[in-house]
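Enquirer: Sharing a structure here in structure tokens format.
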Amino acid sequence: MARRRTKKRTHIGANNGPSGKAVPANKAANSPKSMVIRIGAGEVGPSVSQLVKDVRHMMEPGTAARLKERRGNRLRDYLTMAGPLGVSHLMLFSRSETGNTNMRLAITPRGPTLHFQVEKYSLCKDVRKALKHPKGGGKEYLTAPLLVMNNFTSPPSESDSENRVPKHLESLVTTIFQSLFPPISPQTTPLSSIKRVMLLNREPAKENDGTYTLNLRHYAITTKATGISKPLRRLNAAEKLLHSQKSGKGKKGGLPNLGKLEDVADYMIGNDGEGYMTDATSGSEVDTDAEVEVVETRTRKILSKRQRERPRTDGKNKGGKNGVEKRAVKLVELGPRMKLRMTKVEEGVCTGKVMWHEYIHKTKEEVKELDKKWEKKRQEKEARKKIQKENVERKKKAKGLGAKEGEDDDEDDMDVGEWDSEGLAGDGEMELNEEMEDRGEWGDEEEEIAAG
């Protein structure tokens, strides 16, 4: 008898995570999720629509990559669905009447909201065209990118400026951007899972004008072994390619051509015969990438104390670092690029008290008056909610009592046997209506009833 098929890709307990293991439910629920939305889907234009797609691709995997907006959708529709779907952040792109592209970053369900003007942006396709060796889309998007922020707090030289962003708002902006992606633990997170990096750099304000401008860049992290020649690296890659072809997973091509050489040493030494080639003697460009030491992350067998001391007595361990490999780190830009200028900070989700504004500045007295107005509005709102809650409870109680009284009345009616509207008891009225419908008189009766 054939064994019943078990679905492993789309059902609970599927092993389709980035490390081949199922993601725990509590970890998936606590990780931040975002929605990148076009406000006014048919009015933003094709360039901004493509920018929204690129930003969704950058925010993967914790975002709604296939979200479809409609022209009739409003902000409250997305806020209504954010709670059941576990969405924690909203990125709203829109275009003003003057043609400016704006972005709002809001935390659901209570805010705050950061308003940015997108001064400049470049799409992913433009970035790929500018690169000589662009990076293709692979497994980089299975895990969230590493977030790197620079210069988010103002230097001491700008502390005396009147228009500067307050310190507490700078820390608020830092916290909001940090919460976009799940936190990384250096002790438990494997280095192989970090494939991308998102860089946010704050430009210094010109002439202490108090502007808050951020530059966003998105890169892929590539590494390669250092200290060996390029032919040796190609042989290593060819060996891996042959193993993958034997297992049926690899593609053909990419093998070095050794048909015109008499020995593999000719390929390793080079045509000039000047000896073993390295990156410095191969005549190619010198790699200026940062070199780091990567510790081997594979699981090893736990050795006893006697087994650990045996290599020392045998003299086999001569001071080398076990499992440590030097690799050169190189960043390849993926896109998109954005230059964001913060214009306003609001307390709620795209509404509420304005905590900071780039162009409008108020005195302390005006701020106090606004605080009093917002406090009064808050108290009135709480009073309305309280009254509405009391009305709902009162109606529920009345409805419950009315239903009970109605049941008692029905029982009394059945006992007394009152007459119906035509003076007939029981089912007499139904029989009379059927006779009138057969004679064709029910249509006139229905018109009289409708006329009142």
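Every residue gets a Cβ built from N, Cα and C, even glycine.
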Enquirer: According to TrEMBL, which stretch among 1-29, 146-174 corresponds to the feature region 'Disordered'?
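Expert: Among 1-29, 146-174, the range TrEMBL annotates as region 'Disordered' is 1-29.
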Enquirer: What is the pLDDT of the domain 'Brix' (34-351) when averaged and given as a whole number?
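Expert: Mean model confidence (pLDDT) across the domain 'Brix' (34-351) is 80.
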Enquirer: Using DSSP, what's the helix, strand and coil tally for the compositional bias 'Basic and acidic residues' (370-393)?
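Expert: Split into helix, strand and coil, the compositional bias 'Basic and acidic residues' (370-393) gives 24 helix, 0 strand, 0 coil.
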